[in-house]
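Pulled from Swiss-Prot:
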type: BINDING; residues: Gly336, Pro337, Asn338, Thr339, Gly340, Gly341, Lys342, Thr343; note: ATP binding site
type: DOMAIN; residues: 707-782; note: domain 'Smr'
Amino acid sequence: MRQKTLDVLEFEKIKSLVANETISDLGLEKVNQMMPATNFETVVFQMEETDEIAQIYNKHRLPSLSGLSKVSAFIHRADIGGVLNVSELNLIKRLIQVQNQFKTFYNQLVEEDEGVKYPILDDKMNQLPVLTDLFQQINETCDTYDLYDNASYELQGIRSKISSTNQRIRQNLDRIVKSQANQKKLSDAIVTVRNERNVIPVKAEYRQDFNGIVHDQSASGQTLYIEPSSVVEMNNQISRLRHDEAIEKERILTQLTGYVAADKDALLVAEHVMGQLDFLIAKARYSRSIKGTKPIFKEERTVYLPKAYHPLLNRETVVANTIEFMEDIETVIITGPNTGGKTVTLKTLGLIIIMAQSGLLIPTLDGSQLSVFKNVYCDIGDEQSIEQSLSTFSSHMTNIVEILKHADKHSLVLFDELGAGTDPSEGAALAMSILDHVRKIGSLVMATTHYPELKAYSCNREGVMNASVEFDVDTLSPTYKLLMGVPGRSNAFDISKKLGLSLNIINKAKTMIGTDEKEINEMIESLERNYKRVETQRLELDRLVKEAEQVHDDLSKQYQQFQNYEKSLIEEAKEKANQKIKAATKEADDIIKDLRQLREQKGADVKEHELIDKKKRLDDHYEAKSIKQNVQKQKYDKIVAGDEVKVLSYGQKGEVLEIVNDEEAIVQMGIIKMKLPIEDLEKKQKEKVKPTKMVTRQNRQTIKTELDLRGYRYEDALIELDQYLDQAVLSNYEQVYIIHGKGTGALQKGVQQHLKKHKSVSDFRGGMPSEGGFGVTVATLK
């Protein structure tokens, strides 16, 4: 992509803002290298990278990259035999520490966001090498400033000797400076250091009272810094030990440098990956600052930017506009007043495309769509000055000639005030001819103009659309709103009237313009009104769609919660049943044990095999913990609406209300209506019955699966319940619903106590929320 285009569209300012978000020189280097890609797959991948990291950044607290720095130069120096110092080793240690923290963060992220995939970050984490040994070797050998005393046995011994010798020197010198006889002879009662030797400050006139070596004197010459002869040999010993210490430190650092050289390839990979992460996190931070969104890239030529705004303008005051090249539109011509925002619209389009192809989220609403352009060409300059000289026209024409040489069908071309700076009639003619040529090349074009001739340009050419920037006549100022499909119109008469020009003058002026031009202005005015009306309706439609989507999401979540609740209740019921069977089984075992003892003691004739067989039947009643039952579906006729079926997964009867498609049907089970897989349904065969039983069967079919006792007195309710249960048993119902309402709870308690004693009821439970909750009791019949 041309550097001139990047400069005109101020891409460097965007890069500078992203650079401000980096932590390390690694990330900064990658920002400085950031350029728009032109390969489709590369552009898509870069956007996926940024979007994934942005999603993580917006939801989680990322590990700190503080202290991360470029270390490749140190690694290369280690590889060729150089020796790294403690500071350089610490930067390498920090690199390893940061990458390990990111590994830990990613592992926690995978656990927290179970089921969510992060392929980009996963790939980068898999690239990171294992450098634990090198980290420990550096960490155990030195701190931020120096090697530890225990970095080696030799170093520890040397430093121990230095410490003890220093202590002896101090003790010796302390005796001298604290001596009462020496107080008046010393400038200060302290021990100091000159030329790495321990000395005392002696007044010049008492020099002869102290044997030793003079190492320095004060600026006035009144103080001499003397190393007393009593500590000269000890100071010499310190110097020898310091030399030994330096040699040992060099040996240790050489050893550590060798470890670094051995892991050079792994370290370079770690540096590369962590630099990429710093770069991507900086992109994510910047994207959040502009509320950026991810565009959808398409192979076919597409530009759709809903509510786009220029990212360098104040987000609070800038007017966002939808910029769109509708189907089959290749050229958009924007007309309207100067300073109305036409140039900003051009720059917004160009800059957003460059940002998107550089892997940056863009300042639009969700749903933007773009194709990938091989190049963006623009001719945008100082056309908004009042006077435009010939040199200005020549400069722009030179730029346009250069654009026409290189533009092709994969290019986006932006012309600002095309043809301006010369005679209006010639400028308009040139503008139309240039647009025709670019359209022939196949480039996508957006151009601004104030020539009225170009308003009619789209009328006799396919693929051309007019647009305009709105002007508020009441405030005499532009609104900066872009009206796609509506050409700009002259507001001279309205503005003049607003400013107080005589109506006679205005009316006379109107008679001087042609009828065609008057009709065009009226048509444009009508288009503006229609555009605003349609735009208002579109915004309302968007709002309703979003509300509908939200309601759908909420209902889906509630349905899922209901299903989970239903499953938990069924599992709980089965668990209770299993516990009862387990208790009965244990009791049977105890009885069998007692009978065996009785038979052995008294020789009683006990048929143990019959007892064991009956005990085994208890095991057959154990409920599987899973809701789904392992029932082999029998093959009957095709299931249609109205069929009675058995729902295999729940073991319940139901009626098919509707066949949704080849795979699903809506089934009524009692008062529950559910969408179920057809393969989970077994059509119940109609029994062949004798004619004498026909009346009985018809009566059964009239019995509902629910009994409403609300409004009944207590005694009447129980009588009605008894009659209903008898009829339900005759109708072969497996489960019925007793509606007693909530009220004081007396009727509910009475119904449930009655059910507990009833011979035909095997179990009962309270209703689920979808079944009526506490106002319903569900009874299972034997």
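Even glycines carry a Cβ here, placed using N, Cα and C.
Secondary structure from DSSP puts Thr343 (ATP binding site) in a helix. Remark: secondary structure over the domain 'Smr' (707-782) totals 35 helix, 19 strand, 22 coil, with classes taken from DSSP. Of the binding-site residues Gly341, Lys342, Thr343, Lys342 has the largest number of other Cβ atoms within 10 Å of its own Cβ. Around Gly336 (ATP binding site), a 10 Å sphere centred on its CB holds 27 further CB atoms from the protein chains shown. Residues belonging to the domain 'Smr' (707-782) score a mean pLDDT of 83 in the model. According to DSSP, Gly336 (ATP binding site) sits in a coil region rather than a helix or strand.
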